[in-house]
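First comes the structure, then the notes that go with it.
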Ligand code: GLN
């Protein structure tokens, strides 16, 4: 099985040509053979997976139907699946199991999806490469010497390597889009609030969102149709307009569509191979009648600083709850204070510690105005850039990343160069906008993604646009050759 199409598997299941149990066994078998090389999973429970698959088969036999009934799915290890470990890529979570289901997980389970594994990830979703994980890095299935991208490394590798046609990740500043681009899968960061975050470990609460990953926009739409909808358990959640169009996604009309190209995103610093791929992708859209319009997002140059000031601040406060008292690992010590200090010292990895320290500094008296408050003001300016741009165009197109997947170990010693991988993905995050990464072609054998950004709550139209592109191109159907 290549990346596999959710739509095809669904057809096979409904026609009775496939069974959920067969698909689950095939996933488990593929993981057993490929995991020694890819390291994309964090945990799995074979018996539980097979029981869920048999249950789905019984429901199919009764004539029940849903877009994900019997479909294998992989869950990022920061999502609660009741009873299963929630590792968050961290030593500090050792031994912790979810006491309840995240809302997105519950909705998938109710619709009959079959979880086959929890996925490896950067510690507490902080990272761009997948290397900041307590269980070691996942590897890029297109080139095992390279990173898959992060922080939803395992979720994306799982889809690219054919473990499952659908995976859930989370996206704070690009964590499904960046690995999506590096591994040739389609990944959506929905509008902030369009998916419930109940039961999802918080990284930076003003930006976190669950992001589905699949081979195509059509498959993403099917998953979203099951999970979307506001949730009384998450006060930031909202209903998604046009949700009824998701189940049978239609391609968006390209004729006359105004696609904005922010000049700040196509300047210097983009690898030549990436530029060539993106130009070809844009020409393909133009050939179908789309109009390419140059626009400007002048505050883009502040985006990385703004994003890292705000997220480290929020991280330092969110991660304060990991104190050895309630969630997971504890390092015994004589007093409460020394126990907390020892637990955090042993439990957190380098990147988590770096961000906690930076965030505590940004929020401290005397620095709050200069850093945190200033960053909030810059965030407003970035948001206004988008509002202005959407006065001129329907949608924006940018690179996902200036380059392709980089070699393992290349950036771990240089946090700034790691942070700069996110230069194009953090802007829509700061503006709370929906953004999608889709396969656009290959540069020197490595996948390149194109990012599409839409106005707030235009997620469905964004998927329809990606679907239109995927009707006229075949890049998203290319799968890595993993002989096994
Ligand atoms: N790479 C970004 C970071 O390290 C994005 C993380 C994410 O989206 N969860 O913060």
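Including glycine, each Cβ sits where the backbone N, Cα and C put it.
Those TrEMBL annotations? Automatic predictions, nothing curated.
Annotated active site, charge relay system per TrEMBL: 76, 151, in sequence order. The active site, acyl-ester intermediate feature in TrEMBL is assigned to 175. What TrEMBL records for 26-463 is domain 'Amidase'. Summarising the annotation, TrEMBL assigns region 'Disordered' to 127-147.
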Looking only at the domain 'Amidase' (26-463), what is the model's average confidence as pLDDT?
97
10 Å Cβ neighbour count around residue 76 (active site, charge relay system)?
33
Residue 151 (active site, charge relay system) has how many other Cβ neighbours within 10 Å of its own Cβ?
36
Just to be sure I understand, if DSSP states are collapsed into helix, strand and coil, how many residues of the region 'Disordered' (127-147) fall in each?
0 helix, 3 strand, 18 coil
Would you kindly give the Cα-Cα distance separating residue 175 (active site, acyl-ester intermediate) and residue 151 (active site, charge relay system), rounded to the nearest Å?
5
Going by DSSP, is residue 76 (active site, charge relay system) part of a helix, a strand, or coil?
strand
Rounded to a whole angstrom, what is the C-alpha distance between residue 76 (active site, charge relay system) and residue 175 (active site, acyl-ester intermediate)?
11
Here the 10 Å Cβ neighbour count for residue 175 (active site, acyl-ester intermediate) comes out at 36
